[in-house]
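**Student:** Mind looking over this structure? Questions follow.
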């Protein structure tokens with residue numbers, strides 16, 4: 001039977017704003033953030049690889065996080081930047097699915113990786129004598145592989161499910177990248193299963209790790225207050241946790257805002273601003289947070305720059 005509906009072969013990303021003056025301002029701001037993200041995270045990955053003193057579990061995971069952030073901002077920001085310069089951006093159906101896939105792949109990998117980093121801090125502080133035994137290179141590698149694999153499986157579920165939908169009429173996406181919620185709003189076929197998956201699976205990928213992080217920090221805090229008597233001695237373990245906690249807050253607060261209230265299918269305008277936070281602002285801040293708070297990374301960076309000169 002002939003369908004009277006034409007299948008949509010591409011979408012139009014409407015981006016952040018139509019206001020001409022704002023577009024140039026946004027272009028410069030987000031370009032600077034993106035370059036900061038690339039340079040900062042690139043520097044951390046390089047230092048972690050080439051500085052033997054940083055070949056420890058904590059920095060291995062930090063290297064993974066920086067690597068993730070480089071890819072993560074690259075999935076959405078370049079397309080957004082071209083949108084500021086040239087207006088509404090067409091994106092093919094395949095391109096749209098790829099963007100959706102990689103955004104959720106890297107995002108959920110980061111969610112799981114942050115738990116792994118919390119576990120690493122927990123073992124380091126509450127079980128220091130067994131630390132090298134528990135966090136062996138093999139265990140670290142397994143935890144990293146598990147983080148990336150979980151993210152990949154989660155994203156594949158969404159991209160496969162979204163590819164099954166039919167899109168026929170309206171193809172304007174009120175966003176700067178192809179995210180699931182705005183896409184589901186454009187589908188002509190029923191999206192109830194997709195919605196259920198988004199509400200159940202994605203929410204648990206966000207809330208599960210978040211709960212584990214909170215628990216591991218409650219353990220750390222109670223341990224430190226029971227076992228460590230001096231004030232100065234108490235502060236030391238927390239100083240290594242401070243960077244991680246800051247990053248957890250920067251990542252999880254916006255993500256929780258976006259994905260935990262069950263979606264009814266409507267797509268609020270606020271989601272766009274919140275997505276901006278974790279797709280471009282957080283990746284630029286992460287390396288700064290780690291280098292500002294961390295003596296070892298700073299001295300390794302100085303050493304590396306000195307070598308180059």
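Glycine is no exception: its Cβ is also placed from the backbone N, Cα and C atoms.
Remember, TrEMBL labels are computer predictions, not curated facts.
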**Student:** Could you check which of 140-157, 158-175 is flagged in TrEMBL as transmembrane segment?
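**Tutor:** My reading of TrEMBL: the transmembrane segment range is 140-157.
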**Student:** TrEMBL lists transmembrane segment for one of the ranges 237-255, 256-274; which is that range?
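**Tutor:** Going through 237-255, 256-274 one by one, TrEMBL flags 237-255 as transmembrane segment.
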**Student:** For the transmembrane segment entry in TrEMBL, name the matching range from 184-204, 205-225.
**Tutor:** 205-225
**Student:** Using a cut-off of under 8 Å between C-beta atoms, tell me which stretch among 25-50, 57-77, 97-119, 140-157, 275-292 contacts the transmembrane segment (205-225) the most.
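**Tutor:** Going through each listed stretch, the top one turns out to be 97-119.
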**Student:** Out of 25-50, 57-77, 97-119, 237-255, what stretch is closest in contact terms to the transmembrane segment (275-292), meaning most Cβ pairs under 8 angstroms?
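**Tutor:** By the under-8 Å Cβ criterion, the transmembrane segment (275-292) pairs most with 25-50.
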**Student:** Would you call the transmembrane segment (97-119) and the transmembrane segment (237-255) in contact, using three or more Cβ pairs under 8 Å, pairs 6 or more apart in sequence?
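**Tutor:** Between the transmembrane segment (237-255) and the transmembrane segment (97-119), which are separate recorded stretches, there is contact, as judged by 3 or more close Cβ pairs.
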**Student:** Which residues of the chain, 6 or more past the ends of the transmembrane segment (57-77), have a CB below 8 A from one of its CBs?
**Tutor:** 30, 33-34, 37-38, 40-42, 44-45, 48-49, 99, 102-103, 106-107, 109-110, 113-114, 116-117, 120-121, 124, 135, 140, 143-144, 147, 176-177, 240, 247, 275, 279-280, 282-284, 286-287, 290, 296-297
**Student:** Residues sitting near the transmembrane segment (140-157): Cβ under 8 Å, six or more positions beyond its termini, same chain?
**Tutor:** 57, 60-61, 64, 100-113, 116, 119, 197, 201-202, 205
